[in-house]
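Q: Supplied in structure tokens, the structure appears directly below.
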């Protein structure tokens with residue numbers, strides 16, 4: 001695919017007598033289809049496509065954003081040459097970072113090693129598939145010329161940008177608090193990118209949770225009251241809530257759900273870093289198992305810290321109109337009538353739910369990632385937005401399915417003091433009661449609205465997350 005480009009426009013080591021400006025000028029003339037001395041975005045798209053040059057996602061727009069210095073919507077030769085020179089320098093650094101033994105070639109084992117350092121585990125077979133897409137001469141190694149030719153018009157500037165595609169990011173918020181925290185590189189920590197990404201994720205979570213709050217409240221109502229009447233379906237549940245408290249009541253408890261994002265994220269991130277240090281030796285990179293254990297323990301720590309807010313959210317969601325004037329009034333009444341212990345009702349099933357959720361979520365995501373790399377990573381390791389969102393949504397849904405009975409018991413334990421004549425049962429007692437009176441389906445009451453909110457939550461949080469990253473300077477506009 002790249003032989004024409006290598007042999008005519010970008011000569012290899014055997015033809016280095018041709019100066020870079022001449023190379024760039026020849027290529028520029030090929031792209032300037034109407035010969036007016038400038039290249040617009042449509043000429044760039046058509047020209048690169050006709051030359052068979054591989055492009056990254058939204059490559060043309062990114063090239064123009066970076067290269068069009070005077071912002072006239074066109075690239076003249078000077079702008080074109082400057083962009084390619086600057087981009088080649090960045091790609092040279094990326095090439096050197098992958099070439100671990102400094103022999104001037106990248107091998108499959110070096111790709112595996114480099115990706116492992118950055119937190120992405122792939123097999124050597126998967127690395128060979130990626131290598132084949134870049135390797136033009138069939139040697140199963142990639143030299144500098146092949147690397148440069150492949151990435152010449154791909155705005156990805158370093159290997160870490162490729163890894164960011166495959167990060168199982170918590171920027172995608174579906175309203176659950178059991179996910180494993182994000183992994184940040186040392187450069188991201190030093191540059192302050194980490195807190196910007198966490199802030200972007202927090203804002204995305206707030207918008208996403210607020211947008212899907214009616215479905216979340218319906219889920220809680222079905223978990224708590226569903227056993228009383230088989231008639232509480234989705235339509236009937238919404239009708240009942242609106243009749244009791246009006247449209248605004250659909251968002252009851254959402255304020256607490258949004259407020260707890262900040263302390264929970266902060267504690268989880270801090271705890272995750274501490275547990276990683278305990279589980280790995282200095283200088284050693286964290287593996288998938290250590291990440292799972294550290295993430296689960298960090299989640300448990302964060303949940304311990306903010307759990308009273310989980311109880312408040314449930315009480316507010318289940319409460320009747322006028323029962324509580326707000327979060328602080330609810331806390332005051334619980335403390336007065338039930339004591340401090342009420343703020344940790346349902347804590348044990350909540351804690352137990354972290355392991356199946358986080359473990360299955362991570363395992364399914366890794367499985368989907370491996371499947372994609374094995375079967376579809378022929379031209380790029382960038383899977384595209386839809387694949388990433390689909391993998392994230394599916395893995396999270398599987399995690400929810402496994403941990404849902406524990407989540408339901410937790411919610412009932414949090415709310416059972418509000419239900420008249422309801423016995424105050426512990427976790428085992430509630431499981432027995434539900435199974436004896438409602439059967440296995442009783443452990444999954446409310447799961448339909450819970451699944452219904454996954455797709456809108458993923459879509460909304462992704463859009464807000466990406467826009468917030470641009471606003472905060474994490475990514476370019």
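Glycine too: its Cβ is placed from the backbone N, Cα and C atoms.
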Q: With Swiss-Prot as the source, which of 326-345, 346-365, 366-385 is set down as transmembrane segment?
A: 346-365
Q: Among 426-445, 446-465, where does Swiss-Prot put the label transmembrane segment?
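A: The range carrying the transmembrane segment annotation in Swiss-Prot is 446-465.
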Q: Per Swiss-Prot, does residue 134 fall on the same side of the membrane as residue 273?
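A: Going by Swiss-Prot, residue 134 and residue 273 are on the same face of the membrane.
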Q: Is the topological domain 'Mitochondrial matrix' (310-345) packed against any residues at least 6 beyond its ends, judged by a Cβ distance under 8 Å, and which are they?
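A: Distant Cβ neighbours of the topological domain 'Mitochondrial matrix' (310-345) are 177, 216-217, 220-221, 224-225, 244-246, 249, 252-253, 255-257, 259-260, 303, 411, 413-418.
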Q: Can you figure out which of 38, 43, 141, 320, 437 (the recorded positions) comes closest in space to residue 72 (Ca(2+) 2 binding site), comparing Cα atoms?
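A: That would be 38, the closest of 38, 43, 141, 320, 437 to residue 72 (Ca(2+) 2 binding site).
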Q: In the structure shown, which of the binding-site residues 32, 43, 68, 79, 137 has the fewest other Cβ atoms within 10 Å?
A: 137
Q: At a 10 A cut-off on CB-CB distances, which of the binding-site residues 34, 70, 139, 141 has the highest count?
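A: Buried the deepest by this measure is 141.
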Q: Grab the same-chain neighbours of the topological domain 'Mitochondrial matrix' (216-252) for me: Cβ-Cβ under 8 Å, and only residues 6 or more beyond its ends, written as numbers and ranges.
A: 175, 209-210, 314, 316-321, 407-408, 411-412, 415, 419, 434, 437-438, 442, 445-450, 452-453
Q: Does residue 38 (Ca(2+) 1 binding site) have same-chain partners at least 6 apart in sequence with Cβ under 8 Å from its own Cβ, and which are they?
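A: Looking at Cβ-Cβ distances below 8 Å from residue 38 (Ca(2+) 1 binding site), excluding near sequence neighbours, one finds 32, 74, 75, 76.
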